[in-house]
Amino acid sequence: MSLEKRWSLEGTTALVTGGTKGIGHAIVEELVGFGARVYTCSRNEAELRKCLQEWENLKYDVTGSVCDVSSRTEREKLAEEVSSVFNGKLNILINNAGGYVNKPIDGFTAEDFSFLVAVNLESAFHLCQLAHPMLKASGTGSIVHISSCCAQIAIPGHSIYSSTKGAINQLTRNLACEWAKDNIRTNSIAPGAIRTPGTESFVIDKDALDREVSRVPFGRIGEPEEVASLAAFLCMPSASYITGQVICVDGGRTING
C-alpha cells in the first residue's frame, strides 16, 4: 500500500456519536479532513441543525440525526439510519457521547448510577452490537471508544464515571479479541482534562485549573483537536496492527500520580 493510502480515510464511512461539540465535533471534522463520509448524532436538535448547516456551508460530507444514546430504542433507530445512508457498510464507529456527574461517593443516587451506566457503558456496548454487521460488511472496521484517564487514576467525585470508563477499557480488549476474525480493530482513547463545553466550569475555576495543570508535565490542559488526531490515526490503514489498546492523551497526567 502506498504512503498516501496508508495515511488516508478516503472512501470510508464513519459514525461519531455526540459530534456537535467538544471532542466529538473535533473528531467529525478530523475524519472529514482525511476523506471520510461521516454520520453524527446529538440529543440536542438545535445544536445538530446548527452544526449540519455549518458543515454543509463548508462542503463537508456530514449527515446526522437526533439521538439520545441512553435510549435503546433510539440507538436501534440510529443504526437503521446509518445503515440506510451508508448502504449497510460502516468502516468506523466512534463511541464518543457520554455523561458526567461529579459527587462524593455517599452523595450519588440510584438515578445517577443508572444514568451514567446507560450513557457511558450500555450505549457503547449496544452500538457495537448494532454496528457489527455493518463493520464486518465493510471489510475493514475500526471502533474507537472515548474513555478517560480517570479510569487509571483516582480523582475525588468521579467514582461512578471512572468505573464506567474502566469498563469501557475492558470492553475494548474483549472486542479486540473477539472481532479480530472479522478484521475489526478496537481501541480506546483516554483523554485527560480537555478544553470542551463539558469542562467549562472547571476551566473557569482558576484554582481548580491551576491544581490540575500542576499535575500535568506539559503544564496545560489539552485541546479537542489533540484527541481527534489520534482518533483519525487509529482508523487509518497505518494503524492496521494496533488493537485492544487504551492510549492516554493527557499531557502525561497519569504518569505523574
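Cβ coordinates come from backbone N, Cα and C, glycine included.
So that you can see what the record holds, here are the features copied from Swiss-Prot:
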BINDING   20-23, 42-43, 68-69, 96-98, Y161, K165, 194-199  NADP(+) binding site
BINDING   Y100, C149  substrate binding site
ACT_SITE  Y161  active site, proton acceptor
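Shown here: features listed in Swiss-Prot, placed on the structure.
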residue: T20; record: NADP(+) binding site; CB count, 10 Å: 24
residue: I23; record: NADP(+) binding site; CB count, 10 Å: 29
residue: D68; record: NADP(+) binding site; CB count, 10 Å: 17
residue: A97; record: NADP(+) binding site; CB count, 10 Å: 25
residue: Y100; record: substrate binding site; CB count, 10 Å: 16
residue: C149; record: substrate binding site; CB count, 10 Å: 21
residue: Y161; record: active site, proton acceptor; CB count, 10 Å: 22
residue: K165; record: NADP(+) binding site; CB count, 10 Å: 25
residue: T196; record: NADP(+) binding site; CB count, 10 Å: 21
Of the recorded positions listed as D68, Y161, K165, the one whose CA lies nearest the CA of Y100 (substrate binding site): Y161
Rounded inter-Cα distance in Å - C149 (substrate binding site), K165 (NADP(+) binding site): 8
Candidate binding-site residues T20, D68, A97, T196, pick with smallest Cα gap to the residue listed as 'active site, proton acceptor': A97
